[in-house]
Each structure stands twice: as structure tokens, then as C-alpha cells.
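If you check TrEMBL, you get these features:
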- 71-241: domain 'Peptidase M50' (DOMAIN)
- 6-24: transmembrane segment (TRANSMEM)
- 69-86: transmembrane segment (TRANSMEM)
- 98-117: transmembrane segment (TRANSMEM)
- 137-159: transmembrane segment (TRANSMEM)
Amino acid sequence: FSIGMVFGIIAMFGSVILLGKTLLQTLTQMLTEAPKAQNDRMLQVVVSVPSSGLCLRAVPGVNLPVSQLTYFFSAILLSGVIHEVGHGVAAIREQVRFNGFGIFIFIVYPGAFVDLFTTHLQLISPVQQLRIFCAGVWHNFVLGVASFMVLFLLPAILFPFYYTGVGALVTEVTEDSPANGPRGLFVGDLVTSLQDCPVYNVEDWNSCLGDISEKSQVGYCVSAATLQQLSFPARVYRRLDGTVECCSNNSLTDIWFSYSNKLDSHLYACLPARKVIEASKVCRTNMDCHKDFVPSFCVTPSLENQTRLIRVKHPPHIDMLYVGHPMHLQYT
């Protein structure tokens, strides 16, 4: 408590200097701004912080989200209780009669108080009185240091209960998201890869989608036997951008794929996307598929402009197949 007394005195002078500097900054800002900005200025004095400011004003509902009010008022109540406990413990230590302790709520503001016997408080020495008066802010300082240490050590404390670096966790899916659907992404899913790009965290999710957007569409290795079994004849026509299509526009399962062989470099087939992609590895050319020692082709989806077909792995669920612009998937 003697250390708390010294800390309280130093903190008192430090607070006066900080408040004085903040007051000067506020007055300077008010005097230098145009009179027409009076209303905006008054609001800014309350809720904003100059670039050189040292103090942040937290105003619930203004610059503090309403959803965080529970945490805000819980923190205030805990700080108030610890503050008053400090006064009470110091008073008992200095042989000052302790009448009682209580918690109150003033409108919406939570707080606490201690009731000390005034006569005993006046009979003790000034140093003892300072120990009691400074004990509250000292306890708050110790609480702040302890909270910072717990926050700093939290990953180590909770290490047995979580793991990191294994994927990007889905925390929210908007209603109009292209990833929304019975075979899409759900809250709690862990995305482990996009195409052949491994995903270990959110940064990987963003970088993989950026690479997919910048590079050309990848293909998928399909054996010659499977290709012949799944493909069916269809009428071919060209879109306005020059790409080729043959599958029905109403089809939700089939996609037009292009591939090549030794005799012809422009072959096309309308194939069921999921059956072709799910068990296939990613490729760029037919050479990427020759490692399996089975006659195979690298079939590539024939899509419009920046549209991509992306295989999203989120085990243990079935792979999600996304057709669209990669950036639409990134921000939904």
C-alpha cells in the first residue's frame, strides 16, 4: 500500500497534465474551426480523438457498438468493485472502522462504495490516510496489469482447447452469398483448400482467391474412359466473348469442358461438374495427368471472362463447387 500511495501521487499529477493537454487541444480545435461547423465540432469534442491525442473517449452507442455494452458495463462494475475493495482493505489495515460495502446502479451506470468511520479516518496520520485514498487507483492499476498479462498469456492458457494454422474458419455467411446453399459453406466450417491452393488461415484464403482471379482457369485430370462415359452429344455455339458453350442454360449440374489430344487441340464435352471434379487432381496441361499411367486428359471448364469454377474443400463435408467471380466469394 505504500507503493500504491507513491503511484497514486504520481498518477494524480500525470492525470492533471494529460487532462490539461487534452483541454488545450480541444480548445485550439474549437477556435480554429469555422463557426458553421459548430454542431459537428461539439460532437467531435465528445467522441473523436485528434491524431496527436493521448486519450480515447468511449461513448456507448456513438463510438462504441451497442452489442458491446454488456462487456463495457461489466468492466466498469468490476473496476469499481476492485477500486472500493482496495479502499476497504487499506482501511482495515490502518485500523479504521469499516461500516459497510455496497453496489449501486445510477440510471445505467454501475458502481460500488465503501462506508468508513469518519472519526477513525481523521485520527490517523496523513500518510495512513494517503494509503487508504490511493489504494483504490492502485488496485485498478494492478487489475489492469493482471488483465494484460492474462490477455498476453491467453493463447498458452487455452492451447489445449483449440488449434490454429489448419484452415480458415467460416464465422458468417450472408443470405445473398453465392456460398449459401445446401452444399455450400456453413458457420463453423473449416476451409482447407481452394483448387490446389492450401488454406491455413484467413490470409491464405484472400491470397488464394486473388491468385485464382489473376490466373487462367485450371483444369482437372479425367481418364479417357471416364470422359467417354460421362460425355454426351450436344449442340455447340459461341458466346459473344468468343467462349464456347453447349450445355443447357437451365442445367445446374453440367458444365462445358474443353480439352485436346494429339490429333485435335479443340475438343469439347458437356460433363457433370461434380463427377468430373470431386476425385480429380488439378492440372494445366495433359502432361500433368500422365503421371497416373492411365490415358487421361486435362479438361478445362469453358467459362465466360473472369468467371471461375472453384473447388472449395471443407472436410468432412462434400466439396463445394463455386461458379462465379472469385472476389464475390471472398467478400460474402
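Each residue, glycine too, has its Cβ placed from N, Cα and C.
Just so you know, TrEMBL annotations never went through curation; they're auto-generated.
Below 8 angstroms of C-beta separation, residues 73, 76-77, 80-81, 83-85, 87-88, 91-92, 132 of the same chain, each at least six residues beyond the ends of the transmembrane segment (98-117), sit close to that stretch. Across the domain 'Peptidase M50' (71-241), the model assigns an average pLDDT of 84.
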